[in-house]
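Engineer: My structure is below; once you've seen it, I'll send some questions.
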């Protein structure tokens, strides 16, 4: 039924002609618009009124349209209920809300990043289990046959290691991985029969599963990176959202509990701190002179050279520690040598950032520059240490740059390592275990005693010591290092994602306890969009660091002769041409050979060039559209200001409401109470300060302007 709004009794001013004209334009726009009624910014009764206007009397919708509308409404409500249920049952939702309110969205993004890594590891584990472990269990792999009959030409009669544990302590065997040498945790326990006798190829699944996992992780990280791009990259460096928008629209009026209100106030306060810190830094950069910039550049180069020398020394120490550990396994210090490379890596990653911060603070850099410079070098140190660790393992096991008899004959150091894939998997397993144990030990043996001592004693020294500062970059780099180690071990230790999932799950609660009990919040605020983009960027660099050695090993390195799935292949990738020749018809083989040939690279390069050209053109068009929309926003604000001036002048004129034009069918009597012409209520006339022109930083042009607003009455009698 059409809702009617009656006109008030005498004494009410009737609407002005300008207001009636605007009202008619608004009604025509609403009636002709295809915009869904549910997204319009009006009350529910007014939305019903608009729906009735779009379906006038005498025009009835068909049963099909009514059924379709009901189905769309039911589907939309079901989807909203499912999303609310997923948010309510989501992992760590309550903890993330509490952390975000108390410490800001920057710290909250770290714990959200932990949840994202947990999901990546579970997805990787699901793929490995579905395509490798379950088919392998179902097909019942053959028993381990007799050892291959070949004689190693080792110098001095040296025989290959048999892999029998030298120490029988169970805990030590678990920590070093020796207890799982013959399990599916490592590469050597996987076996399969000839490819011609099996329907499902375990070898192909084992080969492609790590590659598929890395590809899926890359797509997921890239998606999160695009979502976390800073807003200023699209709006430009000169754009700044007005603080007035945050002042008047940040509060959630649905909050009822005192605890939730306190958390929300902390969250709003942290957002203001971030905005003010960015504004202060931008102002400082703008006021620098040319001489100050030149001096800043020289000190910047000097500090970077010193830090670069420290990084070179650190990765050299990692190289020699790994080499010494692998070359001296029979000495009396065998127990210590087992964890020498992880220990050196942990020591380098602990002392390196401290030295970086010390060198940067000596130059009195601004806080943002100090943080960014330290972050960059910490990322370089973390990734370089893992890269050097991989290279030193390759030099020892695969004889990179070394001339040995066994390396020339078999492609790897067969005299010292009978199953070199297991040896690499054991080293990565130990590194993952050591990183987690170091996190636990630092939390309960350093942070907790420090907090207890600071609370127990008073004095200048204890006030200076204070609680540990929760360093967001350091914690992020630690978990990225663990995730990179997991990706590096996908081929050698397929179940390492299961272990890392457990570690990430426990790390969440350990870091939450550290943040809430043992630490103090960092005085440097972090914006969530910037931190998320930085996290994903570092993670994708770690993914590339893991993918490059894996691709080289799969395509070029000779597999072990006496363990694993690829004992009879010159390289693991050779199973792919064999299966193509066995399973595919000749036309498909010719197509695949063409796709893998150099002749296909030229059309592929042309296609990629066209795609890249389209993407660049679309990006430039989007940038032009954004600039046009920003200009249009400024023009609309200017037009609304002129209309406000006109309405103020009309109200101030005596008897302006007596001369009304002809009424339209939708004026006065049928006007909903929440409808206003779309602008602020006109202010009372009188002298006022000149209004500033709108700008890109202040689109509304309201900064520093006080507009007197008086009661705005509508025909229904309601007041604004």
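Backbone N, Cα and C atoms are what each Cβ position is placed from, and that goes for glycine too.
Predicted automatically and left uncurated, TrEMBL annotations should be read as such.
Reproduced below are the annotations present in TrEMBL:
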type: REGION; residues: 1-20; note: region 'Disordered'
type: TRANSMEM; residues: 116-138; note: transmembrane segment
type: TRANSMEM; residues: 204-226; note: transmembrane segment
type: TRANSMEM; residues: 300-321; note: transmembrane segment
type: TRANSMEM; residues: 333-362; note: transmembrane segment
type: TRANSMEM; residues: 374-394; note: transmembrane segment
type: DOMAIN; residues: 419-529; note: domain 'TMC'
type: TRANSMEM; residues: 428-448; note: transmembrane segment
type: TRANSMEM; residues: 489-510; note: transmembrane segment
type: TRANSMEM; residues: 531-552; note: transmembrane segment
type: TRANSMEM; residues: 591-617; note: transmembrane segment
type: REGION; residues: 654-704; note: region 'Disordered'
type: COMPBIAS; residues: 679-693; note: compositional bias 'Pro residues'
Engineer: Check the domain 'TMC' (419-529) for me and report the mean pLDDT.
Structural biologist: 87
Engineer: When you scan the chain for residues with a C-beta under 8 Å from the transmembrane segment (374-394), skipping those not six or more beyond its ends, what do you find?
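Structural biologist: Distant contacts of the transmembrane segment (374-394): 304, 307, 311, 314-315, 318-319, 322-323, 326, 341, 345, 348-349, 352-353, 356-357, 360, 400, 424, 427, 431, 473-474, 477, 480-481, 484-485, 488, 534, 538, 541-542, 545, 549.
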Engineer: Using a Cβ-Cβ cut-off of under 8 Å, list the residues of the same chain that are 6+ residues beyond the ends of the transmembrane segment (300-321) and lie near it.
Structural biologist: 340-341, 343-345, 348, 352, 355-356, 359-360, 363, 373, 377, 380-381, 384-385, 387-389, 391-392
Engineer: Using a Cβ cut-off of under 8 Å, list the residues of the same chain at least 6 residues beyond the transmembrane segment (116-138) that approach it.
Structural biologist: 91, 184, 190, 192, 200, 202, 205-206, 208-209, 212-213, 216-217, 220, 224, 479, 483, 486, 490, 494-495, 497-498, 500-501, 504-505, 508
